[in-house]
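> In case it's useful when we look at the structure, here is the feature table from TrEMBL:
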type	residues	note
TRANSMEM	21-44	transmembrane segment
TRANSMEM	64-90	transmembrane segment
TRANSMEM	102-122	transmembrane segment
TRANSMEM	134-156	transmembrane segment
TRANSMEM	168-189	transmembrane segment
TRANSMEM	201-226	transmembrane segment
TRANSMEM	238-259	transmembrane segment
TRANSMEM	279-304	transmembrane segment
Amino acid sequence: MALRTPTLIKALIARGDKYPLAVYGSLAGAGLSLAIGVLCMAIAKSKLGPFSETKIDPRLYYELLFWGGGHVLQFTNTFGVMAGWSLLYTRLSGEKLVSDKVALLALVVMIGFAIVAPFQYIGTDVESLEQRQFFTNLKGWGLALGPIIFGASVVFKRAKMKRDDIVAYNGLLISISLFALGGLIALTINGSDTRVPAHYHGVIGGVTMCYMTLGLMAIVDNGWLAAGGKWLKRQVKIYGAGQGLFVVGMFIGGVLGLARKTYGQAQVLDTVEKIFSMGVMGIGGLLAITGGGLFVTLMTIGLIRGFKKSGNTQASA
């Protein structure tokens, strides 16, 4: 039995003039970059050959296989969060986040970076340092413009957003804050320390927060959860605070020289500062997991109520 179309999507279809290129273009960009990412993986697979016929270490083989396509898939996540920010801002203000011209500029630049990705495989070795650095730079430069424009627009125009829809309001601002935190940390990276995971956990935490908020709003709009529920309000704050602390803890550890992908005694937590940074990370991780668990619980409760209401409606008919 299919769930009823969320009110958010109904409004999107019925009032398309208020959800312009910033939304539709971002979603189209997400689909296109997804296809390009899969294509990059297929090309890498054809150049590497079957794993059984290679002498490459298994870990390195799969890293090379997914390196290029995986970096391109970050365009998919970024386009998705741009569409989400636009939807949430319009929900809260009744206005477009950015004009069609501004949206077009950001989208064309980002899509342009994504489109060139498969051509890098022509004439270059999948195992080469050149190719690995190319995709790192592609992501770093190609993903900057859109989120900066969309995120800054929300911040500068936040006075126009209604605060009575507090979950959507907090979720939007927390999402942008986490994404920005991850982006700023990227500017400090100069080696293989825990600032690297701090960067991508910040960015992907912002993406996740946006999607969580959209999911909860769809459930609320269908009448399956109360808009003023205390745990609904707490969920975005708990997850946001936890993810923020998690990222800050890893960032501090990286500044102090803690290497990434090391555990236990290999971390060499030989100073109070290093122990403190990992403690902050641990507390943040626990809070983020709690927030994630709350999200799953709230969504499950809402969906069960939705199924029951749909069943009762069909029975009465």
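Yeah, the Cβs are placed from backbone N, Cα and C, and that goes for glycine too.
No curator has checked TrEMBL annotations; they are predicted automatically.
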> Which sequence positions outside the transmembrane segment (238-259), separated from its termini by at least 6 residues, show Cβ-Cβ distances below 8 Å to it?
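Result: 170, 174, 177-178, 181-182, 185, 188-189, 192-198, 201-202, 205, 208-209, 212, 266-269, 271, 273-274, 276-292, 294-295.
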> Return the stretch with the most CB pairs under 8 A relative to the transmembrane segment (64-90), choosing among 21-44, 102-122, 168-189, 201-226, 279-304.
21-44
> Which residues of the chain, 6 or more past the ends of the transmembrane segment (102-122), have a CB below 8 A from one of its CBs?
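Long-range Cβ neighbours of the transmembrane segment (102-122): 20-22, 25-26, 29, 32-33, 36-37, 39-40, 43-44, 47, 68, 71-72, 75, 78-79, 82, 131, 134-135, 138, 141-143, 145-146, 149-150.
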> Mind checking which residues of the chain, 6+ beyond the ends of the transmembrane segment (201-226), have their Cβ under 8 Å from one of its Cβ atoms?
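Apart from its flanks, the transmembrane segment (201-226) reaches 3-4, 6-9, 77-78, 80-81, 84-85, 87-88, 91, 167-168, 171-172, 174-183, 185-186, 232, 235-236, 239-240, 243-244, 246-247, 250, 288, 295, 298-299, 301-303, 305-306, 309.
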